[in-house]
Each structure stands twice: as structure tokens, then as C-alpha cells.
Amino acid sequence: MTDDGKKIIPPMKPMSCAKSWLQERSRKTFKKKILHKRLPILRWLPKYNGADAVGDLVAGITVGLTVIPQALAYSGIAGLPAAYGLYGSFLGCFVYIFLGSCKDVPVGPSAIVALLTFQVAQGSWQKSVLLCLLCGMVEMLMGLFGLGFLIDFVSGPVSSGFTSAVSLIILTSQVKNILGISAKGTTFVEIWTQIIHNIKDIRAPDTILGITCIVVLLIMRLLPSCKVGPKEPNLRTKTQNIINKLIWIIGTSRNAILVIVCCVMGVLLHSYNDGTPFKVIGYIPQGLPSFALPPIHLNVNQTITGKEESFLDMVRGMGSGLIVIPLISLMENIAICKAFANGKPVDASQELIAIGAANIANSFVQGFPGTGALSRGAVNNASGVRTPLSNIYSGALVILSLIFFTPYFYYIPNATLAAIIIAAVVFMVEVKVVKPMWRAKKSDLVPGLVTFVACLVLPLEMGILIGVGLNVIFILYSAARPKLSVDVLTSPGGTEYLMITPDRCIIFPSVDYVRNLVNKQSLRNNIPVVIDASHIYGADFTAATVIESLLRDFASRHQLIFFYNLKPSICNLFESLSPTEFVVYYQEQQLDELLKERDYRQSKTDGTAAATAIALTV
């Protein structure tokens with residue numbers, strides 16, 4: 001401080017400023033509350049006990065038996081060799097243990113994200129791995145900047161339309177493996193066109209095996225709900241409980257059981273001269289993938305067009321997929337969190353950070369983009385999972401399968417993997433939401449139906465963007481056309497007046513509409529008008545200018561207008577631009593006082609109210 005009391009800021013060197021800033025950021029970042037939020041493992045690990053360990057072990061092994069056949073199957077949806085599904089199913093699990101906020105989320109390949117990966121990367125493993133890295137970085141940045149709220153722009157109808165369309169496309173993409181034919185294409189129409197064109201090449205062994213596997217899976221799906229003994233668990237004997245547990249394990253592990261049985265059948269029927277009677281997935285490299293940076297350059301032999309592609313060319317070709325895949329991944333992940341949260345809040349931004357870090361890690365072991373899968377999440381929850389540490393056991397099972405069992409995966413039939421996918425996604429078609437949506441609000445069917453059709457005809461990222469865009473247009477239209485209730489009421493002093501009540505805030509898209517309606521109703525009734533502003537919680541400069549014009553309209557025809565219960569902040573905004581008298585009152589009895597001050601008289605002729613205002617202040 002100087003002698004006269006002025007504050008002096010001492011000169012600081014740039015390095016000192018940087019050091020001071022880093023110290024301040026470190027102090028704020030490493031607070032206990034922030035650390036527990038960004039590293040959820042710090043919340044539950046100190047309380048970890050033996051019961052938690054047993055629950056996580058059982059759940060992890062059960063999910064591991066589910067994720068291995070699914071990973072092999074979902075690789076086919078992504079247009080990649082089966083090994084890449086396993087590569088993306090272990091390292092991300094370990095990362096999620098530290099950053100994940102939901103105990104029920106098992107990170108790995110999912111059917112929807114696999115299909116999006118195929119449409120973006122076109123079956124190139126190099127592009128798929130790079131896409132995994134870039135999507136992980138986008139998810140990480142979105143989480144760090146708190147952009148998890150973006151998922152709120154994907155409404156229920158749009159989500160249902162998208163999920164149903166994806167389910168049909170995935171189902172369609174696996175029909176060719178059931179029939180044993182080839183059918184290329186990325187959209188629903190393209191794939192079915194190819195299937196019809198090549199239907200003459202159908203293979204009977206594949207078809208019989210595929211249909212049989214679908215029937216077996218659908219029957220085994222019912223097993224977990226079958227119980228032996230009384231309905232109340234406490235009334236069952238120990239033997240009945242053991243039998244029920246075995247039935248549940250068999251039903252839950254149906255995919256793994258079916259793969260093992262069909263793999264053994266493939267080994268037994270294999271002939272060195274003729275091979276197997278049905279198509280098999282073929283050779284899978286044994287051992288763990290090498291830890292390496294994702295490919296950032298493609299030579300002429302690695303591209304579909306035969307032209308060399310640089311890193312920028314590869315990124316440019318991915319287009320909107322770099323935004324759509326992270327959003328859909330978050331949508332799937334949050335669906336699991338909300339389904340098993342028991343009313344607890346879900347931190348969407350933290351989940352973005354977790355799956356983003358998992359995808360970044362997976363990209364260094366040649367994995368393609370993944371997220372939490374709802375089917376595996378349900379298995380995880382039903383198995384009694386306690387913490388995210390269950391991921392370590394499912395990831396370890398994947399590692400063991402890569403090291404020891406990949407030679408035997410050679411004999412797994414393609415039709416079996418296709419049956420696993422079909423039996424899973426057929427229940428994702430959300431037909432059941434149409435009836436309640438029709439009863440509740442028919443207009444909500446429009447964005448859902450448009451999204452459904454667009455996703456079937458166009459690439460998926462375009463379909464979801466069209467659905468979201470249409471939904472935003474509906475929201476903007478609703479904001480631009482507020483509902484106004486109009487009532488002719490009588491004041492405590494016996495004077496009739498017109499009460500007009502907007503049901504929402506007045507902002508620039510809706511102000512002209514509101515002004516026209518108010519003028520129309522006031523001319524029709526020709527009595528004092530009161531605008532009930534109880535629901536007006538916000539306004540802008542454009543609204544203030546239109547209110548000023550509305551006041552001029554009323555002043556020009558000597559008709560009274562008042563505002564009732566207007567919030568002070570909005571009142572100040574309107575007054576700043578209104579040269580005419582702007583009157584606001586907050587109690588009903590004040591209306592008669594305002595009318596008396598303006599020497600208002602009301603007379604009735606032939607049953608019609610005719611009113612005049614004397615000495616209206618302008």
C-alpha cells in the first residue's frame with residue numbers, strides 16, 4: 001500500500017505467474033470432494049470387504065462368460081475379424097474400475113456401436129482402431145467440459161426410433177450368416193437387396209444350424225425366470241435353492257454354452273479335406289495384441305479406393321461419426337446407470353470421462369469403439385455385483401481366452417454367432433412404446449417415426465441427426481407458440497375485465513404471436529385487459545420492444561392494460577423501453593384502485609359490455 005492508501009500490485013515474472021496459477025489449480029483440483037468425483041474408486045475402495053469381493057467375483061466371471069461370445073459376434077457386425085472384439089474387451093475394463101461411477105457397467109463392444117463403427121470405418125481395422133482413439137478423446141473432452149447434458153437432446157421417441165431401426169439393421173446383417181450367403185451393404189435396404197439377389201446360394205447346413213441355435217437361445221432365455229419350489233425364497237429347501245441357482249447360471253450363460261457345444265460339434269465334424277459342413281469364423285491369432293499407437297496412415301493396399309490416405313484424410317472420412325458415436329455410447333451407458341441406480345443421480349460427464357479413457361486405452365491394443373452394453377449390465381446386476389472391480393474378472397477371462405483358447409475358436413460356426421446376435425437384438429425393437437405414446441401425445445410419434453425410417457434408409461449417423469434436428473424444431477415451435485388462456489372475470493368491485501394468461505416465458509420467437517393474440521382478444525371484448533404474468537419467468541430485449549409496441553396499441557385506442565404478478569427483474573426490463581404507462585400490480589384488490597385512479601366507467605348495452613377509459617395517462 002502507498003502512503004495515501006492506494007494498492008500496489010508488485011511486478012511478477014511470467015514464470016512466477018505460471019507457478020502461482022498452477023498452485024491455485026492444484027489446490028482446487030486435489031480437494032477431497034473433486035478427487036472423489038473424478039476418481040470414484042476412492043469412495044468405495046476403503047470400504048471394500050469380503051462380501052463385496054465374493055459378489056464381484058461371481059458377477060465378473062458370469063459377465064466374462066457372456067462377453068467372450070458377444071465380442072466374437074459383434075466383431076462381425078463391425079465388419080472386422082473376430083479377434084478385434086476380444087482385443088477391445090479387457091483393457092477398457094481395467095480403466096473403468098478407477099474412473100467409472102456405476103457398478104453395473106461392463107465396458108466392451110456393443111451391437112449398436114459396432115454397427116456405427118462399420119458404417120464409419122467400412123470394415124477397415126486401421127480406421128476402426130483410429131476411430132476408437134478419436135472417439136475416446138472426444139468423450140474425454142466432453143466429460144471434462146461437462147457436456148454430458150447433450151444427451152438430453154435425444155428425446156425418448158428419437159431414442160426408441162433409433163434403437164428399433166438399429167435392431168432391424170443388425171438382425172438383417174446377420175441373416176446372411178444364417179443362410180450361409182454373402183450380402184454386402186451398410187443400410188437396411190442395401191443389405192436386403194443383396195440377400196434377395198444371392199438367395200440362390202443358400203447353404204442348408206448353415207440355415208438349419210442357425211435356426212436351431214436361435215430357437216435354443218430363446219428357450220434358454222426363459223430359464224432364469226423358472227423356479228423350483230414355492231415362490232417365496234425363504235420357504236424353499238436348500239436343494240431347491242441350489243437347483244434354482246444352477247438353472248439361473250445355465251440360462252444366463254446360454255451364449256457361452258451354445259458356443260462351446262457348437263465349437264465341439266465343429267471339431268468333430270471337421271475334415272482335413274472337406275472342412276466343416278458349415279462356415280466357421282476361422283483363424284484367430286493366439287496371444288495378446290501388441291501395445292502400439294493406432295494407425296495414422298494407410299497405403300494403397302490398405303484402402304478400398306486404392307489411394308493412399310493420410311491422417312487428415314482418415315479423420316475427414318469419419319465425418320459426423322466422431323460426434324454421433326460418443327453420444328450413442330453415452331446414451332447406452334447412461335441407460336444402464338439409470339436402470340440400476342435405484343433413484344440415485346447419475347453423473348453423465350463422469351461416465352463420459354470413464355468410457356473415453358477406456359476407449360483411448362483400447363485403441364492401443366487394437367480395439368474398436370465400445371461402451372457399456374445393457375444386456376451385460378443386466379447380467380452383472382442379477383449376479384450380485386457390488387463394485388466396478390467386477391470388471392477385473394471379466395477382463396481376466398478375456399485375456400485367458402486370448403492366450404489359451406483362440407486355436408479352438410477356429411471351429412465356431414458363423415451361424416451360431418449370428419444366432420446369438422439375433423436372439424439378443426430382436427428384443428431391442430421397441431414396439432411396446434408406440435401404444436402409450438399414441439395415448440399420451442400423438443405428435444411425439446412423428447420424430448420417432450422419422451428417425452426410424454431415416455436410420456433404415458440413410459447411414460445411421462445421418463438418421464439420428466435428422467431425428468434430433470426434427471425434435472429441436474418441435475421444441476422451437478412449442479416455444480414460439482405458447483398457449484394463452486383467455487377468461488372474462490369480474491373484479492372485487494364488480495368491473496368486468498379480460499384475463500389473458502401465457503403458459504410460459506416470452507422470448508423473441510413468440511412475442512409477435514402473443515402480441516397479435518392479445519390485440520385480437522382485446523378488440524373483440526373492448527374491456528380492460530390484465531396479463532397474468534405468473535408463468536413468465538424470463539424475457540429478452542426483443543420481448544421488451546414488442547411489449548412497448550403492445551402498450552402503444554392499447555394507448556392509441558384508449559383501452560386499459562395491466563400486468564399482474566410480473567417478476568421484478570422482468571418488470572425493470574419492460575419499463576426501460578416503455579415510454580407509455582406501464583402498470584404492474586400484485587394483489588387482486590389493487591385492480592379496482594387502478595381503475596378508479598383512471599376514472600374508468602363501465603356500461604352495458606343490449607347485453608354487450610361497452611367500456612371507456614377517461615383520462616388515460618399516455
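Numbering starts at 1 and runs along the chain as displayed.
Every residue gets a Cβ built from N, Cα and C, even glycine.
Please treat TrEMBL annotations as automatic predictions, because they have not gone through curation.
Features as listed in TrEMBL:
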| type | residues | note |
| --- | --- | --- |
| TRANSMEM | 53-74 | transmembrane segment |
| DOMAIN | 55-446 | domain 'SLC26A/SulP transporter' |
| TRANSMEM | 105-121 | transmembrane segment |
| TRANSMEM | 128-151 | transmembrane segment |
| TRANSMEM | 207-225 | transmembrane segment |
| TRANSMEM | 246-269 | transmembrane segment |
| TRANSMEM | 321-341 | transmembrane segment |
| TRANSMEM | 392-411 | transmembrane segment |
| TRANSMEM | 417-434 | transmembrane segment |
| TRANSMEM | 446-477 | transmembrane segment |
_Positions whose Cβ lies under 8 angstroms from the transmembrane segment (53-74), at least six residues beyond its ends_ = 82, 85-86, 88-89, 106, 108-111, 114, 249, 252-253, 255-256, 258-259, 281, 373, 375-376, 379-380, 383-387, 389-398, 401, 409, 412, 417-418, 420-421, 424
*In terms of Cβ proximity under 8 Å, which residues at least six beyond the ends of the transmembrane segment (417-434) contact it?*
69-70, 72-74, 76-77, 82, 111, 156-157, 160, 163-164, 166-168, 170-171, 174-175, 177-178, 210-211, 213-214, 217-218, 221, 255, 258-259, 281, 375, 445, 448
*asked:* Does the structure show the transmembrane segment (128-151) and the transmembrane segment (105-121) touching, where I'm treating 3 or more Cβ pairs under 8 angstroms (sequence separation 6 or more) as a contact?
replied: yes
*Mean predicted confidence [pLDDT] for the domain 'SLC26A/SulP transporter' (55-446)*: 87
